[in-house]
Each structure stands twice: as C-alpha cells, then as structure tokens.
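A short write-up of the structure that comes next.
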Amino acid sequence: MATVAPTSPPDAKKITPTVATSPKKLDAGALFVLKSRGSWIHCGYHLTTAIVAPALLSLPFALALLGWEGGVVVLMLAAIITFYSYNLLSLVLEHHAELGKRQLRPGWGRYYVGPLQLATCYGAVIACTLLGGQSLKFIYLLARPDGSLQLSHFIVIFGIFTLILAQIPSFHSLRHINLVSLILCFAYCACTTAGAIYIGDTNKGPRKNYSLTGTGVNRIFGFFNAISIICTTYGNGIIPEIQATIAEPVKGKMFKGLLVCYAVVISCYFSVGISGYWAFGNQVESSVLQNFMVGSNPLLPKWFLLMTNGFTVLQVAATSLVYLQPSNVVLERKFANPEKGQLSLRNFVPRLITRSLSVIIATTFAAMLPFFGDIMALFGAFGCIPLDFILPMVFYNLTFKPSKKGLIFWVNTVIGVASTGLSLIGAVASVRQIILDARTYRLFANM
C-alpha cells in the first residue's frame, strides 16, 4: 500500500515544475506579406523604389527657391542625414532581430509610429495615383491636343492598373518589379536631364535668371517649402517592412542595400535637380517636365516626351505598390488565417476584397482631390520628417544609450531637435499654402 509523505522531500526546492506555455500566435501579416526570404540586393531594389520616385522632378523647383549655393547644400545634407538616419534605424531593427524579436514597432512605438506610418504611406499611394493620372493625361494630350477626356478618367485608368498589380501576394514577390523600377528611375531621369540640357543649350527655353523670387515673408516661406520638398523626396516610411523582408541573418545586409539605393539616389537627384534649374532658372515649374511644353507646343520631339512620361507612369505604379505594403500587412493580420495556405481560398478571397477596396478608396481620393499635392506637403511635415529625420535618432539613443559625452548622442540630438523645428515650420508653411490656394480648389477638377 502506497503512502503519501506529509511533507516535501529535502531537495524539493531543486525540482523546477514544468509550466505549459501556449504556442506563439502566428502573424499573418508578417508571414504572408513580408516573407523574410530576400537578400541585400533585393533590399536595394525595394529601397530604391520607395525613395527614388517621380516626386524628384520637383527638385529643380526647390533649388529655384533656395538658389545655387543653398539648394545644392541642402540637397547634399538631406542625402547624408537620411543615409545616416536609415542606417541607425536598421541597426535598431537588427538589435531586435538578434534578440529574436523582429519587431517593427517595439513598445510605445506601435501607438504613435504605426498610425503615423500608415497615414503617410497611404497618403503616398494617393499622391502616386494622382501623379500617374496626370502623366497619362499628359501623354493623351500629346497625342490628341483637342481630346475631351479629363484628369479623373486617367486617374481611374491608373487605379485599375494598380488594383490588378496590388494582388501580388507578398512584398518579397515585388523584387523583380522593383528591379525594373530601378532601371526605369535611371531611364526617366536620364531623359529629363538630357531634355533639360538640350533646351537650356538652345534658345527654346526661357531666358536664364537665377535670382530668388519673392520678398520678405514670401521668400522665407518659400525657403522652408523648398527644404520640405527636398526632405520629402528623400522620404522612406517603410524601412522596417523592407528590413523584415531580409532572410536571417540580417546583420549588415541593410547597409549594403542602402549603398545600392543611394548610388541611384545621388546620380538621379543631382542630375535632374541641377540640370533642370540650370536650364530654366527661376521659371522652372513644380514639375520640370511641365517646362518641356509651352502651351500646347512641345519643345522636344513628341516621341521623346511620350517615352519619358511612359517611364514615369510605370515607375510610379511600382512606387504605389511598395507604399501599399504597410496597409497590406495590417489587412492580412486582421482578415487572413495564418494556419491556412497563402493562396488558399480562405485567404485569397479576403485579400482580393480588402486590397481592391484599399486601391479603390485611394483612387477615389486622388480623383476627388486633384490638389492633393498641397495636402501631401502637410503630410510631409507631419509624417516624412518625423519618420525619417527624428524618430530614428530617438530610437537609436533609447535602444543603445550612447554616452551623453560622446559624439553620436549629440549628433543625433541636434539632428532630432533641428528636424522638429523644421517640421513645425514646414507645417505652418504648408497650411499657409493651402489657404492661399483654397480659392482654386474644386472637387474632381480637371487640372
């Protein structure tokens, strides 16, 4: 007959009870959309598509507001600071990866960074859809100057094209499209640079005048507007998602990807910015391609303009797909079942519905608000500058706690504080511009 000891044995304290733990919950967003299978070169493709977008065609306009010396200096500083900033953020993400936590928004960041990032990226999708529609309209008017189709029609056409491509299941699956996008970046930047040099070297363009326009308050606000434009063109709100597509081990791969990206950035940004400002001076338009036309008369062969805008349309479509990825992660996390296959009917139908609705809503906003560029400037002040110039510095200092007597801590602090001031001033300048332009706003306008 067995007996039960009334007390524990002397070595009972050495026995560690086994506690049952529940299995870690699968994240359908990370599992299906991000897919950590990419290499550093794929990372370079994604980074280039996210940063080098047709918004860079506004760089000559920004240089015109700053002048030669100021414009080139700000262009260089923005390149150096964003490269440094993105590298800091990648180190923070690498640190979490080494701890076994490939967190995109650790701790409190999910309550601030998450909504800010989603709003900024979705705003970029709307802006890309509007830009794609404008480029299609430009091509249409070149072929049929008396055509009756309006901007909203072309925005819808571009939206349908994006809707089809948006069904590509994962971010990693975009690597080949983003390679083509990288090539297209070089193509339309080379065309734009060559066109500007050709016009500037002949008497077809306006008389060159590099003096700063505006006086007093207008010039000051123009100065800060130009800085905001340049900062926004360097913006990349999806560094965490891009890094999450890299296969383990991730150490050092993001830095290599950034080198690939910034080789394209430097060559494209400086060639377009400097050639456009040199050719048209302070008469340069908000998009330098507009200077290639005088009224309805092209200053370059039609085939050349059609080709340049065709490259632009295709590349901006790739950029739209990249900036849809953060919302795709959220939608998959909410509606997909990670225990079913990615292409199973259970997951395919919700993906088709939610992504289609996402693109349809963005297309509707783009057609309804053709003045969205002014609103996007406000997004840039409140979104791009904090995400790209402020938060990486804060996250690095909080994660690695560099010595307050060291250079890194103070470099990060100075950049963060200066960028905060710039963000606030940029927001004021953007609101002022919206107020000035408000009288011209009209829903579904044919601009």
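These residue numbers are counts, starting from 1, taken along the chain as shown.
For all residues, glycine too, the Cβ spot is worked out from N, Cα and C.
Just so you know, TrEMBL annotations never went through curation; they're auto-generated.
Here TrEMBL flags 37-435 as domain 'Amino acid transporter transmembrane'. Annotated transmembrane segment per TrEMBL: 45-66, 72-93, 114-136, 148-166, 178-200, 220-239, 259-280, 300-324, 352-369, 375-395, 407-429, in sequence order.
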The transmembrane segment (407-429) vs the transmembrane segment (178-200): three or more C-beta pairs under 8 Å (separation of 6 or more)?
-> no
Considering the transmembrane segment (148-166), which listed stretch of 114-136, 220-239, 300-324, 352-369 counts the most C-beta pairs under 8 Å = 352-369
Are there at least 3 C-beta pairs under 8 angstroms linking the transmembrane segment (352-369) and the transmembrane segment (259-280), leaving out pairs fewer than 6 apart in sequence?
-> no
Taking 114-136, 178-200, 220-239, 300-324, 375-395 as candidates, which has the most Cβ pairs under 8 Å with the transmembrane segment (352-369)?
-> 114-136
Relative to the transmembrane segment (300-324), which of 114-136, 178-200, 220-239, 375-395 accounts for the most Cβ pairs at distances under 8 Å?
-> 178-200
